[in-house]
Amino acid sequence: MSKKYSEENTSSIPLTDLTSPSTGETSSQQQRQRASQQQPPQQPESNTATGSRWSNFVDSFKPAIENEKLAMRYRDANADVEEDAGGYYNSTDQLTEIQRININSSKSNLKRKLKNRHLQMIAIASSIGSGLLIGTGGALATGGPGGILIAWILSGISILCTIQAMAELAVTFPVSGGFNVLFSRFIDPSVGFSVAWNYVLQYLVLLPLELVAASMTIQYWNTDINPDVWVIIFYVTVTSINFFGVRLYGEVEFILSSLKVIAVVGFIILSIVLAAGGAPNGVHHGTKYWHDPGAFANGFKGVSSTFITAAFSFAGTELTGLTSAEAENPRKALPKACKQVFWRILLFYVVSIILITFLVPYDNPRLLGASDVSASPFVIAIQDGGISGLASVMNSVILISVISVGSSSVYATSRTLVSLAEQNLAPKICGYVDRAGRPLVAILITNVFGLLSFIAASGKEDEVFTWLLSISGLSSIFTWLCICISHIRFRRALHVQGRNTDELTFVSQTGVIGSWFGILLNVLVLVAEFWLAIFPLGEKSNAKSFFETYLGFVILIIFYFGHKLWRNNWILFIRSRDIDIDSGRRETDLEALKRELQEEREVLRNKPFWYRAYHFWC
């Protein structure tokens, strides 16, 4: 890659390597002249001094002026050129379709308004939801305390490796759509198309599902009011959060995530007291439930089933990667946020689950007696401890969690739809971003799908959502698998093209080995899911059970081969030497970047050991 100016210092000046034959001016002089004559107009400034706030509000919904369209409008009428990653223009003959897509994704009109604290809290608490607070109950019942602990520890290590790989890619290429764009870049466009659309389907279904879950959670206190009344309240709340821009989303997530973290830490402290015999009923639990009824339930099949629940509970961990295009300083904030994943897995998942196995036996009938908050092992532990009132507190935490996940589902769906539109994999209208940086059309599409939540009072919601979830039920696993593959392919491309990790602002702490481990475990989870789809736990084999479990894989295959037929491209992988590792980078002057990184390493090397340890882990 040739030396270029950094993105922040680059102006839209057509590149020419020729000296003017008539004037003898150098190309740089010509560039300055053309820049002064053809400077594209900037975004309209706020007219609060001369206009009303209402007119400013209305204007904010108008389309943002796109950098690429401006460049095309103000460049030479006879020049057939494109802007490259560093802000230069080259002949279109020199750019592949993937390079054009990569550049387009890096020039998103989304606003960089997410601060470091927003990313920190999103990373820590983004996946603390019904999977951990309720889903662990069913996993404990089917796998036993030993099975659930093994599943969450191994899955946690896999997620840690995956997030490290994602951080390396997202910091290097902070593009709209995050990791979804990188699948087409490093693996194959058909893989990117199929996995990204499955990801969209997952979160399209998740929004109404979480709204229904919120209305059902309210029924813990009151069953007289029609659930659709609560659906309306939560629907308006969640949709409003995203319509007011990414900054409000970040603030709301920061508050809700803080409450979730405080609640889980409080439960951990309470559980230690209960396990030690400090409950009002005076019962000392210790590890007796590991001996009676035992450490494992339903043998190897039971343990395998807990891996699926563990994968579901970790869904949403990758959301940090989607924020790269809207982070104020992705180079600094994203690595720090992704490092927090280790502590979240250790504290909020592993420690919580260990304490749950001390307090609730796997044969407790309430674990499988319902699918709502009453099946939460957290609530059961509090109730069995003889503590009144705290069950309502935990129910409130579950309510906060489902609202948070619902809001995040709108964010994830809308940003992924924008990236698909930028890649020409979705209708162009889906990529509409207004002057406030809001992807309005994508948000509207997501909110329209959220109207499915009004079936909450129909009595058929369980059957409807079971089939809707089956369409994209494996989406998170496919996404994590492709993140790891993309990381390995990126490192391979660096090696083949004579480059190394010295030019990366963040390098995965688990490296390529961690990505291989992530691939291995995700493949094993898919195999376990297939086995349980054919031979379900506790019932006979049947087609309905199989498709409820594995329909997502069938949908993925249809999307994949459909895209292959559409593009008539039957190449399985982009060759390593052909992978584009330059377009869309935030830092494009590699020599200056290497010097800066070396200086940072020297400064860190001179710090005390405790500081270096803190920097590594936090």
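For all residues, glycine too, the Cβ spot is worked out from N, Cα and C.
Here is what Swiss-Prot says about this protein:
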type: REGION; residues: 1-55; note: region 'Disordered'
type: COMPBIAS; residues: 8-26; note: compositional bias 'Polar residues'
type: CARBOHYD; residues: Asn9; note: N-linked glycosylation site
type: COMPBIAS; residues: 27-40; note: compositional bias 'Low complexity'
type: COMPBIAS; residues: 45-55; note: compositional bias 'Polar residues'
type: CARBOHYD; residues: Asn90; note: N-linked glycosylation site
type: CARBOHYD; residues: Asn104; note: N-linked glycosylation site
type: TRANSMEM; residues: 121-143; note: transmembrane segment
type: TRANSMEM; residues: 148-170; note: transmembrane segment
type: TRANSMEM; residues: 193-213; note: transmembrane segment
type: TRANSMEM; residues: 229-249; note: transmembrane segment
type: TRANSMEM; residues: 254-274; note: transmembrane segment
type: TRANSMEM; residues: 302-322; note: transmembrane segment
type: TRANSMEM; residues: 341-361; note: transmembrane segment
type: TRANSMEM; residues: 397-419; note: transmembrane segment
type: TRANSMEM; residues: 439-459; note: transmembrane segment
type: TRANSMEM; residues: 465-485; note: transmembrane segment
type: TRANSMEM; residues: 517-537; note: transmembrane segment
type: TRANSMEM; residues: 546-566; note: transmembrane segment
Near the transmembrane segment (546-566), which residues from the same chain, at least 6 beyond its ends, have a CB less than 8 A from one of its CBs?
-> 189-191, 193-195, 197-198, 201, 466-467, 470-475, 478, 526, 529-530, 532-534, 536
Residue list, the transmembrane segment (302-322) vs rest of chain: Cβ under 8 Å, 6 or more residues beyond ends.
-> 119, 122-123, 126-127, 129, 131-132, 135-136, 138-139, 142-144, 146-148, 150-152, 154-156, 159, 162-163, 166-167, 169-170, 177-180, 202, 296, 334, 337-338, 341, 349, 405, 408, 411-412, 415-416, 476-477, 479-480, 483, 524-525, 528-529, 531-532, 537
Would the transmembrane segment (193-213) count as touching the transmembrane segment (439-459), if touching means at least three Cβ pairs under 8 Å and pairs must be 6 or more apart in sequence?
-> yes
Top stretch among 121-143, 148-170, 254-274, 439-459 for CB pairs under 8 A with the transmembrane segment (517-537)?
-> 148-170
Among the recorded stretches 121-143, 229-249, 254-274, which has the greatest number of Cβ pairs closer than 8 Å to the transmembrane segment (439-459)?
-> 229-249
In the same chain, residues at least 6 away from the ends of the transmembrane segment (254-274) whose Cβ sits under 8 Å of its Cβ atoms read 117-118, 121-122, 124-126, 128, 285, 347-348, 351-352, 355-356, 358-359, 378, 381-382, 385, 387, 390, 393-394, 397, 400-401, 403-404, 407
